[in-house]
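K.L.:
Feature list, courtesy of TrEMBL:
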TRANSMEM  7-26  transmembrane segment
TRANSMEM  38-57  transmembrane segment
TRANSMEM  78-100  transmembrane segment
TRANSMEM  112-133  transmembrane segment
TRANSMEM  145-163  transmembrane segment
TRANSMEM  183-206  transmembrane segment
TRANSMEM  227-246  transmembrane segment
TRANSMEM  272-293  transmembrane segment
TRANSMEM  314-331  transmembrane segment
TRANSMEM  337-361  transmembrane segment
TRANSMEM  373-391  transmembrane segment
Amino acid sequence: MFLKKILSLIGPAFITAAVVLGPGSITTSTKAGSLLGYSILWAVLLASVMMVFYTRMGAAIGVATGQSSLMQIVTQKYGRWLAVLLGLSGFLICAGFQTGNNLGVGLAMSSMFGGTVALWAVIFTIVALALMWSSSSIYQVLEKLMMALVAVMIISFVGNLLMIRPDSAGIIKGFIPGKPGNFGLVVAISATTFSVAAAAFQAYLVKGKGWGKDDYRKAMQDATAGIIVLGAITMVIMITSAAVLLPKGIKVNTAVEMALQLEPLLGPLAKWLFLIGLWAAAFSSFIVNAMIGGTMLADGLGIGSTMDGKWPKLLASLVMILGTAVASIYKTNPIQLLIMAQATTILGVPLLAGVMILLANDKQLMGELRNNLVSNIIAVVAFLWLVYLSIRQLLTFLG
């Protein structure tokens with residue numbers, strides 16, 4: 001009965017968790033653990049809390065609005081111009097993440113089996129395109145595939161954690177906020193764990209699942225459980241890196257470096273587990289990330305609002321192909337491109353977050369399902385944090 005109850009909670013938010021937990025998240029948490037130990041676990045927790053509430057908002061908007069899609073509602077409330085702007089922002093955000101997904105798959109596979117990063121990126125893009133276009137119900141395919149890949153990630157990363165003995169007191173202390181030794185890593189943790197585009201896409205996923213107002217409670221449980229899994233896996237990776245690498249003074253900048261360092265310390269199994277987990281994280285993001293960008297842009301333009309539509313799939317294919325092209329052409333130091341791709345995505349996010357807050361509080365639209373006081377407080381705090389990060393990122397780009 002317990003297992004049946006757990007399985008019943010697995011739904012759209014686990015797809016969201018799988019797409020957010022990509023190579024950028026793994027790279028950032030690995031680097032943070034090797035440099036700062038357990039000291040910024042609190043940052044993962046806070047980013048996860050913000051992600052939970054925005055994912056719940058996305059799900060609530062989805063179940064409350066019947067047949068109307070997210071961008072159709074934005075068009076009705078605020079005009080087509082804003083829907084186009086949000087759709088284009090979502091598309092560009094996902095295009096940036098897609099390059100990271102290609103590089104993550106390529107780095108993991110080339111480390112395990114040889115070959116170039118570009119070759120593996122092309123191979124898995126073809127696989128992802130075939131899966132997407134051969135399915136008449138893409139949601140059903142995604143749910144089953146993401147469940148399997150999340151299970152692989154849990155087995156891989158928790159398997160490594162079981163081989164070590166982390167400092168329990170250090171872990172507990174890490175959840176107490178303090179002045180970080182590297183604020184840039186706190187920003188990176190937020191950018192790779194708290195994805196507003198993925199949270200907004202929850203509105204489409206719950207419709208793909210077939211959920212409506214009567215499924216509101218189930219949608220909220222799913223949103224909470226899925227993002228808890230996301231945060232927990234991120235913490236496990238950071239704890240493993242902190243426990244294994246920091247005491248020996250080993251500093252790593254990439255997830256692949258982490259995997260290679262684990263081999264002499266914990267044996268070949270640890271390396272393979274980590275690389276398999278990295279591959280699962282990257283490939284789990286391939287189709288979903290592209291579908292987010294493609295569906296949001298098509299919906300914003302008014303040419304398609306469901307994941308199974310022709311235009312969402314065509315635009316999702318464009319996201320995949322663009323990501324593959326950039327990853328293949330960029331021949332030198334691809335890990336720098338991965339970091340750059342993840343960092344640039346935070347600039348277009350505050351506008352989408354603000355619109356989500358407005359919609360989630362619209363009494364006419366949401367009825368009894370609109371945000372409560374606690375949800376609004378956390379949503380506004382998270383919005384202000386996103387604005388701060390965007391300004392900070394913009395100033396960095398301007399030099």
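Using the three backbone atoms N, Cα and C, a Cβ is placed for every residue, glycine included.
Any TrEMBL annotation is an automated prediction that lacks curation.
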K.L.:
Do any residues of this chain, six or more beyond the ends of the transmembrane segment (7-26), have a C-beta under 8 angstroms from a C-beta of it, and if so which?
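P.N.:
Those are 51, 55, 59, 97, 100-101, 103-105, 107, 142-143, 146-147, 149-150, 153, 188, 191-193, 195, 198-199, 201-202, 205-206, 208-209, 211, 218-219, 221-227, 229-230, 233-234, 237, 255, 277-278, 281-282, 284-285, 288-289, 292, 338-339, 341-342, in sequence order.
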K.L.:
Under 8 angstroms, Cβ to Cβ: which one of 78-100, 112-133, 183-206, 314-331, 373-391 has the largest number of such pairs with the transmembrane segment (38-57)?
P.N.:
183-206
K.L.:
Using a Cβ-Cβ cut-off of under 8 Å, list the residues of the same chain that are 6+ residues beyond the ends of the transmembrane segment (112-133) and lie near it.
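P.N.:
Sequence-distant neighbours of the transmembrane segment (112-133): 102-103, 105-106, 141, 145, 272, 275-276, 279, 283, 286-287, 290-291, 313, 316-317, 320-321, 323-324, 327-328, 334.
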K.L.:
Need a quick answer: max count of Cβ pairs under 8 Å to the transmembrane segment (373-391), which of 78-100, 183-206, 227-246, 272-293, 314-331 is it?
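P.N.:
Looking only at 78-100, 183-206, 227-246, 272-293, 314-331, the most contacts with the transmembrane segment (373-391) come from 183-206.
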K.L.:
Under 8 Å for C-beta pairs, could you tell me which stretch among 183-206, 227-246, 314-331 has the largest tally with the transmembrane segment (272-293)?
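P.N.:
Per the Cβ under 8 Å count, 314-331.
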K.L.:
Which listed stretch (78-100, 183-206, 314-331) has the most C-beta pairs under 8 A with the transmembrane segment (227-246)?
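P.N.:
The stretch with the most close Cβ contacts to the transmembrane segment (227-246) is 183-206.
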K.L.:
Going along the chain, which residues at least six beyond the ends of the transmembrane segment (314-331) come within the CB cut-off of under 8 Å?
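P.N.:
Result: 91, 94-95, 98-99, 101-103, 106, 117-118, 121-122, 125, 128-129, 132-133, 286-287, 289-291, 293-295, 297-298, 337.
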K.L.:
What same-chain residues lie close to the transmembrane segment (78-100): Cβ under 8 Å, and 6 or more beyond its ends?
P.N.:
22-24, 71-72, 197, 200, 282, 285-286, 289-290, 292-294, 296-302, 315, 319-320, 322-323, 326-327, 337-338, 341-342, 344-345, 348-349, 351-352, 355
